[in-house]
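Engineer: Pasting a structure below so you can have a look.
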């Protein structure tokens, strides 16, 4: 039993470290936004949704909601602070229409989190509280991990990993693997399930990287209107979408 507890703690620490790299990955994007004083074609949606995921996961990991998951709270609390900075910077430099949209979405995210927190504290107790908060956190964790799916499609289509940085894919894999193991050892499906999804997604990205890393499949100059719509944010300096994980 002592070995299991030790491994549980070790995987939690490793998960904290790899998750931190994931949260810090968009720094390159925001350095560009600040320098150009424009959000260009970048989308603010992934940052707002990741903020909600971090808030809900941090709440779920608190001792009065879910015992033995404090490491989940520490990294997601840190992630919430980082994502808040991203969102505020995005709002500051976004065009007027986008500024209003992201500001409204931010208020909605805060309202959703407040509602979950209040319902869990005032109306639920024990396992019911853990179940309610766990389901909410799981849903948005899967949404966060699912954000690179469009990039995977793009890599297969173009036969190029130009838009899928190796180290970001690596940390999706390592972060998912660490928290998946943490959830299994702690017998917590609300940690294991979404991170098992992330682990699988990271594995797919690394396999694709191994297949296409030496190939130079680039976009053709005569892309169709559908192609332009499909790649959307990815075409801004070839970096947008995956950097918003």
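Cβ from N, Cα, C; glycine included.
Automatic prediction, not curation, is the source of TrEMBL annotations.
In case it's useful when we look at the structure, here is the feature table from TrEMBL:
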COMPBIAS  232-245  compositional bias 'Basic and acidic residues'
REGION    224-245  region 'Disordered'
TRANSMEM  6-30  transmembrane segment
TRANSMEM  42-62  transmembrane segment
TRANSMEM  74-93  transmembrane segment
TRANSMEM  105-125  transmembrane segment
TRANSMEM  131-156  transmembrane segment
TRANSMEM  163-185  transmembrane segment
TRANSMEM  191-212  transmembrane segment
Engineer: Cβ under 8 Å to the transmembrane segment (42-62), counting only same-chain residues 6 or more beyond its ends: which ones?
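Structural biologist: For the transmembrane segment (42-62), the far contacts come to 23, 26, 29, 33, 69-74, 76-77, 79-80, 83-84, 86-87, 90-91, 94, 98, 101-102, 105-106, 109, 112-113, 116-117, 120, 130, 133-134, 136-137, 140-141, 143-144, 147, 190, 232-233, 236, 240-241, 244-245.
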Engineer: With the transmembrane segment (74-93) as the reference, which stretch in 6-30, 131-156, 163-185 has the largest tally of C-beta pairs below 8 Å?
Structural biologist: 6-30
Engineer: Under 8 Å, at least three CB pairs between the transmembrane segment (6-30) and the transmembrane segment (163-185) (pairs 6 or more apart)?
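Structural biologist: Result for the transmembrane segment (6-30) with the transmembrane segment (163-185) is yes.
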Engineer: If we skip the immediate neighbours and take only residues 6+ beyond the ends of the transmembrane segment (191-212), which ones have a Cβ under 8 Å from one of its Cβ atoms?
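Structural biologist: Distant contacts of the transmembrane segment (191-212): 69, 72, 137-138, 141-142, 145-146, 148-149, 151-152, 155-156, 159-161, 164, 166, 169-170, 172-180, 182-184.
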